[in-house]
Amino acid sequence: MPQALERADGSWAWVVLLATMVTQGLTLGFPTCIGIFFTELQWEFQASNSETSWFPSILTAVLHMAGPLCSILVGRFGCRVTVMLGGVLASLGMVASSFSHNLSQLYFTAGFITGLGMCFSFQSSITVLGFYFVRRRVLANALASMGVSLGITLWPLLSRYLLENLGWRGTFLVFGGIFLHCCICGAIIRPVATSVAPETKECPPPPPETPALGCLAACGRTIQRHLAFDILRHNTGYCVYILGVMWSVLGFPLPQVFLVPYAMWHSVDEQQAALLISIIGFSNIFLRPLAGLMAGRPAFASHRKYLFSLALLLNGLTNLVCAASGDFWVLVGYCLAYSVSMSGIGALIFQVLMDIVPMDQFPRALGLFTVLDGLAFLISPPLAGLLLDATNNFSYVFYMSSFFLISAALFMGGSFYALQKKEQGKQAVAADALERDLFLEAKDGPGKQRSPEIMCQSSRQPRPAGVNKHLWGCPASSRTSHEWLLWPKAVLQAKQTALGWNSPT
């Protein structure tokens, strides 16, 4: 008996929204608590800072880089099965990591397997919101983002409590049971009815291929379908954005990994050090939805890329404050300021990508974007660990974070401004060319041949059939002297047409 489909924007959609919030809190909020175990793991395995840093870097990198693989599973099995599969993998990885005898085993279990499972769960839960919510989609995404903030708030406090009572091995075993709640959230996600019925097409049989060539061809088609390498060649803004975000990611995750060890290095109590991460999460509960709603306002549409650069700049400057002092109350003020810039970055990072790339190319652009960001996440913590081993000073880690964030903000802001000026220059040249064409047409008669670029510009607003008039309203056949009195208005309207402005009433 077929299962009944749920209706979009129905009452069950809010239950799915709650499940999505829980899933995001369990998955995206988890990496922020890894810093609490940093010193404990370092002592357990007698490892350097760089070697210990590979654990959070692998976890975060796989969490972002496995996005295209998750998209394939969603297309094949659906969101419900993928969320539940992710919960099983994340749980299996944490349980296995509690029996690790060296860091290599920890990298594979708690790093790779758990990161893969968390990616499957969180990305599938976000995808299903687009089917369950149509009219209230913006509100649903804003509320779902609160789950991340709740996770950032609760994971550090729970981790500190379990670590004191059970040790890191017992804590990771409990975490394995907690991640099984993703399976419950996945079971709540029922199939939803869509307005578009799937089309059945009869495809011709594929040409015969050898098994090796067929596998390589299938992999190539899959990569081409989910990763937008062709957009890099044709969209300069996309290239600038990817380079800028990758450069900023080399510094952005460092405070979340090293803030707790840095506070303990300055003799801050362990409970208070764990509380710092929770302050960031609690502040984001209110700031992140507010930033998301403000970023969606039409008044900010043309300035979103500059606001994103400003948020990165503020994030880098706040890290300088953290590096200057390790006093607890100074760190509390740092966490509050860091939360403001962090919420702006989280609200704008994908919205700016939507502004730069056409929506029909957005899924492929997002796939390449997450993969390249994952590479940066993989490099960032070990690079900071090498710096820490060389200097034995945590302050240099925050100086390093500030350098990457501030330089990325200046690069993106300057590059976007230069691209905007270049585009405005092209539009001005087109307007001047249209002005010259109108002058020649008025002077020499309607039979004069237009230049190709002018024909392209004027084709956007063709002349109505049966009306043979110039842009300023005079009939083409009546070339009297009063045409020249209206010439300034004609030039103004021509420029407005070329630049895409609305004509004055």
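Numbering starts at 1 and runs along the chain as it is shown here.
Cβ coordinates come from backbone N, Cα and C, glycine included.
Annotated region 'Disordered' per Swiss-Prot: 443-464, in sequence order.
Here Swiss-Prot flags 1-17 (among others) as topological domain 'Cytoplasmic', drawing on sequence analysis.
The topological domain 'Extracellular' annotation in Swiss-Prot covers 39-53 (among others) and rests on sequence analysis. According to DSSP, the secondary structure content of the topological domain 'Extracellular' (39-53) in residues is 12 helix, 0 strand, 3 coil.
Only residues 6 or more beyond the boundaries of the topological domain 'Cytoplasmic' (75-80), in the same chain, are considered here, and those with a CB under 8 A from a CB of the stretch are 124-125, 127-128, 131, 186-187, 189-191. Feature annotation from Swiss-Prot assigns topological domain 'Cytoplasmic' to 75-80 (among others); the stated evidence is sequence analysis.
Long-range contacts of the topological domain 'Extracellular' (102-110) within its own chain (CB-CB distance under 8 A, at least 6 residues past either end) are made by residues 41, 45, 47, 51-52, 54-55, 58-59, 93-94, 96, 172. Residues annotated as topological domain 'Extracellular' in Swiss-Prot: 102-110 (among others).
Residues or ranges marked as topological domain 'Cytoplasmic' in Swiss-Prot: 132-137 (among others).
The topological domain 'Extracellular' feature in Swiss-Prot is assigned to 159-171 (among others); the stated evidence is sequence analysis. For the topological domain 'Extracellular' (159-171), same-chain residues at least 6 beyond its ends with a Cβ under 8 Å from one of its own Cβ atoms are 33, 36-37, 40-41, 44, 98-99, 270-271, 274.
Residues or ranges marked as topological domain 'Cytoplasmic' by Swiss-Prot: 193-239 (among others).
Per Swiss-Prot, topological domain 'Extracellular' is recorded for 261-274 (among others), and the stated evidence type is sequence analysis. Averaged across the topological domain 'Extracellular' (261-274), pLDDT in this predicted model comes to 87.
Remote same-chain residues near the topological domain 'Cytoplasmic' (296-305) are listed as 138, 241, 348, 351-352, 355-356, 412, 416 (criterion: CB distance under 8 Å, separation of at least six residues from the stretch ends). Per Swiss-Prot, the feature topological domain 'Cytoplasmic' maps to 296-305 (among others); the stated evidence is sequence analysis.
According to Swiss-Prot, the feature topological domain 'Cytoplasmic' maps to 351-367 (among others), an assignment based on sequence analysis.
Residues annotated as topological domain 'Extracellular' in Swiss-Prot: 389-396 (among others). Sequence-remote contacts of a segment are chain residues at least 6 beyond its ends whose Cβ falls under 8 Å from one of its Cβ atoms, and for the topological domain 'Extracellular' (389-396) they are 48-50, 258, 261-262, 265, 323-324.
The annotation topological domain 'Cytoplasmic' is assigned in Swiss-Prot to 418-505 (among others) on the grounds of sequence analysis.
Feature annotation from Swiss-Prot assigns transmembrane segment to 18-38 (among others); the stated evidence is sequence analysis. Among residues of the same chain six or more beyond the transmembrane segment (18-38), those with a C-beta under 8 A of the stretch's C-beta atoms are 52, 55-56, 59-60, 63, 83, 86, 90, 118-119, 121-122, 125-126, 128-129, 143-156, 158-160, 163, 168, 171, 175, 178-179, 181-182, 184-186, 188-189, 253, 256-261, 273-274, 277, 280-281.
Taken from Swiss-Prot, the feature transmembrane segment covers 54-74 (among others), and the record attributes it to sequence analysis.
Under 8 Å from some Cβ of the transmembrane segment (81-101) lie the Cβ atoms of residues 23, 26-27, 70, 73-74, 109-122, 124-125, 128, 169-170, 172-173, 175-177, 179-183, 185-187, 189, all in the same chain and six or more residues away from its ends. Here Swiss-Prot flags 81-101 (among others) as transmembrane segment, drawing on sequence analysis.
Remote same-chain partners of the transmembrane segment (111-131), defined as residues 6 or more beyond its termini with a Cβ less than 8 Å from a stretch Cβ, comprise 8, 16-17, 19-20, 23-24, 26-28, 30, 54-55, 58-67, 69-71, 73-74, 79-80, 82-83, 85-94, 96-97, 137, 140-141, 144, 179, 182, 185-186, 189, 192, 194. Most Cβ pairs under 8 A with the transmembrane segment (240-260) among the ranges 172-192, 275-295, 306-326, 368-388 are made by 368-388. DSSP labels the residues of the topological domain 'Extracellular' (102-110) in these numbers: 8 helix, 0 strand, 1 coil. With DSSP states grouped into helix (H, G, I), strand (E, B) and coil, the topological domain 'Cytoplasmic' (351-367) comes out at 15 helix, 0 strand, 2 coil.
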